[in-house]
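Now, the feature entries from TrEMBL:
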DOMAIN    23-288  domain 'NADH:quinone oxidoreductase/Mrp antiporter transmembrane'
TRANSMEM  60-81  transmembrane segment
TRANSMEM  93-116  transmembrane segment
TRANSMEM  136-166  transmembrane segment
TRANSMEM  178-196  transmembrane segment
TRANSMEM  202-219  transmembrane segment
TRANSMEM  240-261  transmembrane segment
TRANSMEM  281-305  transmembrane segment
DOMAIN    290-343  domain 'NADH dehydrogenase subunit 2 C-terminal'
TRANSMEM  317-339  transmembrane segment
Amino acid sequence: MNPYVLTILLSSLGLGTVLTFASSHWLLAWMGLEINTLAIIPIMAQQHHPRAIEATTKYFLTQATAAAMILFASTTNAWLMGEWEIHQLSHPLATTTVMLALALKLGLAPVHFWLPEVLQGLELTTGLILSTWQKLAPFALMIQVAPTINSSLLVAIGLLSTLVGGWGGLNQTQLRKIMAYSSIAHLGWMVLILQFAPSLTLLSLSLYIIMTSSAFLTLKTNNALTINTLATSWTKSPTLAALAALVLLSLGGLPPLSGFMPKWLILQELTKQGLPLSATLAAMTALLSLYFYLRLCYALTLTIYPDTLTATAPWRLNFTMITLPLSIITILALGLLPLTPAVTAMLAL
């Protein structure tokens, strides 16, 4: 893609998100979401591959449906209650419709079916943008409308997403689909605590973006798209393979890695709020996710390169990819747990 065109598209992507962040009026927020969607579509379709075109079409249709639902809900609220402000969303019909529309935009269960299929059709860099940056604008709206939404609905969507994210990833061999189900599970944890402690949701989102970016950049560096090709990583770069295994365990939420911090604090907060059953169910669904992360770790570090692999062996040429972002983000993905006391002190303020 032409660098100038790419710069305009990425600028529009940033503009759409910032516009949604800054808006207090539903029409302005909707406009930001639309700019965001229209900016990423050419980036998704740049490969000119049938799968990429199919993924782009699916993404466009789901995002357009969600945007129409948001517009319908905000218009309904303005008609019945006379308010266009995001904070003044008060009619039950409007709040429920907005919640389902934002769930569709993010890929939360039970409206998650588009996310694995779309992510599977994209290259890893575009998949990274879709899994991280594209979650910010809908989450900003969700945090603002969360106080008016029925808490039982939020807890149900959160638990269902953690269950679907863990269950769906068990039988996958494609790494992009596994990352999609991982995204669904993590978003479920964030929605689960959204109404009780929004600051914990922001903490979880920040760490999710750091860990997912590290995982995607590692896969990009190793040029791995399936579990079988992941087995070749050890011969190419043993250090990166060892760090990638730790990043995957951090995504699974194992101590003493960064990913343990949000899960620990969320379970603690749920127990404080008198929801021990929800906390237990969430912890049990995390075990499902942990299983497929361990499966990837096994393929990455303990599997010998298979002779019957259909993928072409990579040439050992001089490495030209810039690895500084990967290095920084991997350190953050692995070593932030000691900062938990500082984080809890800040959350208490």
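Glycine too: its Cβ is placed from the backbone N, Cα and C atoms.
All annotation found in TrEMBL is predicted automatically rather than curated by experts.
Looking only at the domain 'NADH dehydrogenase subunit 2 C-terminal' (290-343), the predicted model's pLDDT averages out at 78. Counted over residue pairs 6 or more apart, the CB atoms of the transmembrane segment (281-305) and the transmembrane segment (202-219) come under 8 Å in fewer than three pairs, which marks the two as apart.
For the transmembrane segment (60-81), the list of distant contacts is 26-27, 29-30, 33-34, 37, 41, 88-91, 93-95, 97-98, 100-102, 104-105, 114, 118: same-chain residues at least six beyond its ends, Cβ to Cβ under 8 Å.
Counting only same-chain residues 6+ beyond the ends of the transmembrane segment (202-219), those with a CB under 8 A from a CB of the stretch are 124-125, 127-128, 131-132, 135-136, 139, 143, 175, 179, 182-183, 186-187, 189-190, 193, 225, 230, 240, 243-244, 247-248, 250-251, 258-259, 261-262, 265-266, 325-326, 329-330, 332-333, 336, 343, 347. Distant neighbours of the transmembrane segment (136-166): 16-17, 20-21, 29, 32-33, 36, 86-87, 89-90, 92, 95-96, 98-99, 102-103, 105-106, 108-110, 112, 181-195, 198, 201-202, 205, 275, 278, 281-282, 285-289, 291-292; these residues of the same chain sit at least 6 beyond its ends, with a Cβ under 8 Å from one of its Cβ atoms.
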